[in-house]
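Below is one structure, written out as structure tokens; comments come after it.
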Amino acid sequence: MHIHEYQAKKLFNHKHIQTPKGILIYSVTQANDACKTLGGSIWVIKAQIHAGGRGKGGGIILCSSIEEVKNACGKLLNSRLITPQTDAKGLPVSQILIEIWENITNELYLGLLIDRKTKKITVLASTKGGMDIEKVARKTPNKIIKFGINPLGHLSVQDCTFIAKKLDLHFKLTKQFNNILLGLYEIFTQKDVNLIEINPLVITKENNLLALDGKIDFDDNALYRHKDIIALRDISQEDEKERLANTYQLNYISLNGTIGCMVNGAGLAMATMDLIEHFGGSPANFLDVGGGTTADRVAKAFELIQTEKNIKGILVNIFGGIVHCDLIAQGILQAIEKVRLTLPIVVRLEGTNATNGLKLLDKAKVDIHTESDLNKATIKIIKLAK
């Protein structure tokens, strides 16, 4: 789950990580009072959306008068902002963060993530802040500092100081840096975070460190432990299909292919998508219906798949473990009748009561192709979808 910049900065502030003075507004009429409350003579107008690249998309504007602030807010509020990280429709802007402009001398990058290769929480830092860190890693990997944290231990002050030295920070800034990094680490571990970053972490003319921007990505599977984080969710920023899927406890992601996929289990879903690609097809979606699948959820899954614009066929791949395949087959038949599917469908069932499930589908008065072999099922749906 993603949150907005202003929300991330509030979490930073709780850990005594300094951010620029700012006020969130929802209408142009609030801009005048916000600027007067903040003081100063230069302000930064920042559209709040769940995507990066806002500056390139015109979502971050520097203003030197209140009139300019009003015009910028009027332009952004209730618009859809398109950035290099959004689709062609962009994302809706309903909130704007107005901040005092900071006179900065240098920009750094600082973040933590889970490194799947080393199986460690890893600190990433760089003197190349304010840029796409992936581009920096690709073009100048020597500019990236990576520090893996022992999973049986914790991040220490000594570790932070080591990283600060790599960034060539002097004593005063090292002390501030240590507090910031330890604060980020606490948020990361206490709130079940996948990624947390400050980009850029700036050095001001007054020789202080400020988090000029903030991004936090939380682990969806751990949200049940954090009701305070769930309260930060902004569904207007989520893909409509993915939002509807979440309502029915489906894990859904739209893709650009022609073969719809309905699978139980994320690992099996990814393997199924790989197999479709291997045999020359292209998946239209990722869909994990989960282990406790019901007829209603299967029906909703079919509805979602049908909305994909390039869809030409559907492959259902179910491995029955806890869930019985014959119950899944009943759910598929109910769903097909309810949704009135006309697309070719190939169903592969394997596991508990798979034989009974396949018999139910074969006897049904609907056009369903069944297979027990996944390779054959995949090849068949690709041919039918042409």
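Numbering starts at 1 and runs along the chain as displayed.
Backbone N, Cα and C define each Cβ position, glycine as well.
Per TrEMBL, domain 'ATP-grasp fold succinyl-CoA synthetase-type' is recorded for 3-203.
Here TrEMBL flags Lys46, Gly53, Arg54, Gly55, Glu99, Glu102, Glu107 as ATP binding site. Non-local neighbourhood of Glu107 (ATP binding site): Lys128, Gly129, Gly130, Pro200, Leu201, Val202, Ile203, Leu212, each in the same chain, at least six residues away, with C-beta under 8 Å from its C-beta.
The Mg(2+) binding site annotation in TrEMBL covers Asn199, Asp213. Sequence-distant neighbours of Asn199 (Mg(2+) binding site): residues of the same chain at least 6 apart with a C-beta under 8 Å from its C-beta are Tyr109, Leu110, Gly111, Gly129, Gly130, Met131, Ile133, Asp213, Lys215.
Annotation source TrEMBL lists domain 'ATP-citrate synthase/succinyl-CoA ligase C-terminal' at 262-376.
The Cβ of Val323 (substrate binding site) has 21 neighbouring Cβ atoms from other residues within 10 Å, across all protein chains displayed. According to TrEMBL, the feature substrate binding site maps to Asn264, Gly321, Ile322, Val323.
Counted with DSSP, the domain 'ATP-citrate synthase/succinyl-CoA ligase C-terminal' (262-376) comes out as 53 helix, 26 strand, 36 coil.
Of the binding-site residues Gly53, Gly55, Gly321, Gly53 has the largest number of other Cβ atoms within 10 Å of its own Cβ. In terms of C-alpha distance, the listed binding-site residues Lys46, Gly53, Glu99 place Gly53 closest to Asn264 (substrate binding site).
Taken residue by residue with DSSP, Glu107 (ATP binding site) is part of a strand.
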